[in-house]
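Novice: Structure incoming, see below.
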Amino acid sequence: MTNTGFRKVLRRREFTVLGLIVLLVVLFSLTTERFMSVSNLSNLLLQLAGTAISAIGMTMVIITGGIDVSVGSTLGMASVVAGKLLVGGYSPFLVLLSALGTGLVIGLFNGTLIAFGNVPPIIVTLGMMSILRSLMYQLLGGRWISGIPPAIRVIGLGKWLGVPISMWITVVLIAFFTYFLSSRPLGRAIYAVGNNPEAARVSGIDLRRTTLFVYAVLGALAGFAGLVYVARTGIVQTNTGSGFELEVIAAVVLGGTSILGGRGTIIGSLLGAFLVGIIKNGMVLLNVPALSEGLVVGVLIILSVMIDVIRARGERS
């Protein structure tokens, strides 16, 4: 690799995020003894799985120039459905299909309104977020679901070779969708739609089909993340998934996916998820007030978007 090519690689956002992760790991290791403990690192991976899984779908949505702020509520609704079925004694396989199906239906509804109704994504998904929160409250009646059967909890708490099973599943999903985005025609179409929708249309890409696809995938993945959440925590509440959308969006934009569309990688989003997770975990260990977590995540999102906009302006000039 030439020096110029090497410098280009080093300038990639993924390397910046990786450097920040290493810096934070060193910082938190020096400021708290518990950070590098096996139990804390295991807990960190358990909590990261749901964010990373949903970030896969959000990456594709944002690459197309879209956004979905209902992803946390989608996770919450899938959790309610999964929780009720599990407590009702239904088989884990049926519960898995139901969680995936719940998320898929929500994603298809969002995608249909956006792709065929030409409604702005932020309007559609804000409305869906409100609808789902109301439905969750009605279904739970202000109470929570507990008593989740141990058999399903292996997905959320079980380990293989010392690594949480949910993280192994996450790795498989990341590998598959990384290949899909880089090597399959529909994957390349997702980038084309985000780069220049009109040019993509002229080249024969079905904009509506592509848009519908990415929202459907995000919905299904958020539904699966909801099942992982239930399996990990063993409870479902009316506020399950609240604020989750900010974590996912932060992970994606911090990982280098352009909020303007056309640019991004799933590996970058995974690193972004680790960065957000490490920051939140370290703040908890340092006894920083929980309300400050939202402040930090919000600031990170704004800074990432500002950097993205400045970069885009520089490229145009």
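Note that Cβ sites are derived from N, Cα and C of the backbone, with glycine treated the same way.
Predicted automatically and left uncurated, TrEMBL annotations should be read as such.
Note that the coordinates shown come from a computational prediction; the quantities given were computed from them, not determined experimentally.
So TrEMBL lists these for the protein:
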{"type": "TRANSMEM", "residues": "15-32", "note": "transmembrane segment"}
{"type": "TRANSMEM", "residues": "44-63", "note": "transmembrane segment"}
{"type": "TRANSMEM", "residues": "94-116", "note": "transmembrane segment"}
{"type": "TRANSMEM", "residues": "122-140", "note": "transmembrane segment"}
{"type": "TRANSMEM", "residues": "160-181", "note": "transmembrane segment"}
{"type": "TRANSMEM", "residues": "212-231", "note": "transmembrane segment"}
{"type": "TRANSMEM", "residues": "252-279", "note": "transmembrane segment"}
{"type": "TRANSMEM", "residues": "291-310", "note": "transmembrane segment"}
Novice: Are the transmembrane segment (122-140) and the transmembrane segment (252-279) close enough that 3 or more Cβ pairs fall under 8 Å, when only pairs 6 or more apart in sequence count?
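Specialist: In this chain the transmembrane segment (252-279) does not contact the transmembrane segment (122-140) - fewer than 3 Cβ pairs sit under 8 Å.
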Novice: Count, for each of 15-32, 94-116, 291-310, the Cβ pairs lying under 8 Å from the transmembrane segment (212-231), and report the range with the highest count.
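Specialist: The stretch I would name here is 94-116.
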Novice: Ranking 15-32, 44-63, 94-116 by Cβ pairs under 8 Å to the transmembrane segment (160-181), which is first?
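Specialist: Stretch with maximum Cβ contacts: 44-63.
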Novice: In the same chain, which residue numbers or ranges, 6 or more beyond the ends of the transmembrane segment (94-116), come under 8 angstroms Cβ to Cβ?
Specialist: 57, 66, 68, 70, 74-75, 77-79, 81-82, 85-86, 124-125, 128, 132, 152, 207-209, 211-224, 226-227
Novice: So what's near the transmembrane segment (15-32) in sequence-distant terms, Cβ-Cβ under 8 Å and 6+ beyond its ends?
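Specialist: Sequence-remote neighbours of the transmembrane segment (15-32) are 9, 254-256, 268, 271-272, 274-275, 278-279, 281-282, 285-286.
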